[in-house]
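Peer 1: First the structure, which I've put down as structure tokens, then a few questions once you've had a look.
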Amino acid sequence: MSTQTINPDGLQANAPATYRRSELGHNNSFGGVIRSELIKLRSLRSNWILIITSILLFVGIAALSTWAFASFIDEISSAATTGDVPAEATGEGAFNYMASGGWQLAVLLLSSLAVINISSEFVTGAARTTFAATPRRWPVYWAKALIVALLTYVLSVVGILASAGIVEVIAQQYGYGQDFSSEAFQKALWWTPFAVMIIALMSYGIAAILRNSVGPIMIVVAVVFVLPVALSVFQSDITQNIVKWLPTSLATVVMDQSMGQIDVEFVPALIALITWAVVPLVAGAILTQRRDI
């Protein structure tokens, strides 16, 4: 005779397990994983600090650079009127780039946000629970990557738009302004966030490979800030060729802010910049899938 175990509440013992399996299947959808990851992202105070600070960096650096440049060209314009310097030396078109001036510092914070998004899973041990709920792992990895991509892009656009407002206010005080319909401003508005997003995704992939926070952030600082400056000291052809293929140099070409100093065309620069993100992203995905937690 077959029997069934009944718990004190009068429910079959296998009922909770059945419920958990159906619930797990629902949450295992890619949309469900994205919702779960968004909840995690919103729940960390450090993420909000990084987000707010990155916006403030965009605005603050744009304000300072606009004020300094406006003061400078105001003096140059006076000299141009008297014939002391050529009129074209005033460079008033540079105001169209000012709103994106803080991108290199903002990208460090947003890259840190990307690093924390994946590394915190392994540092805190939360990955055991996360991957137990989603055994295939890849939905979690790519959901996090998608969130990083969209968040960094949108935040950069918001930061540049906010900066553009500040730039316009300051520039108007000196009788200058931005041409919002100009190609320079439009490239700064849309391609700068793209470059920030790519570097953030590169950071995310490196963090997935190393499974900690400090190492990936140090690598990003080295690649984005230290190497371009350090290698530029050496005037050999080898070092100059290395510098022009670093993410920062490629980003300036894509944003059309290299001022002709980097001998790389737009399409090769775009492909190379994307490659900087694709390689660590794919490597991180493979290692996340195969390695033990």
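Glycine is treated like the rest: Cβ placed from N, Cα and C.
TrEMBL: automatically predicted annotations, no manual curation.
Per TrEMBL, the features are:
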TRANSMEM  48-70  transmembrane segment
TRANSMEM  103-124  transmembrane segment
TRANSMEM  145-170  transmembrane segment
TRANSMEM  190-210  transmembrane segment
TRANSMEM  217-235  transmembrane segment
TRANSMEM  266-287  transmembrane segment
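Could you place these features in context, so I can see how deep they sit and what lies close by?
Peer 2: Counting residues 6+ beyond its ends, the transmembrane segment (145-170) has Cβ neighbours under 8 Å at 34, 37-38, 41, 51, 54-55, 57-59, 61-63, 66-67, 70, 95, 98-103, 106, 110, 113-114, 117, 177-178, 180, 185, 188-190, 192-194, 196-197, 200-201, 204, 281 in the same chain.
Same-chain residues lying 6 or more positions outside the transmembrane segment (266-287) and placing a CB less than 8 Å from one of its CB atoms are 118, 138, 141-142, 145, 195, 198-199, 201-202, 204-209, 245, 247, 250-251, 253-254, 256.
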Peer 1: Can you name the far-off residues of the same chain, 6+ from the ends of the transmembrane segment (48-70), with a Cβ under 8 Å from a Cβ of it?
Peer 2: 94-95, 98-103, 105-106, 109-110, 112-113, 116, 151, 155-156, 158-160, 162-164, 166-167, 170-171, 173-174, 176
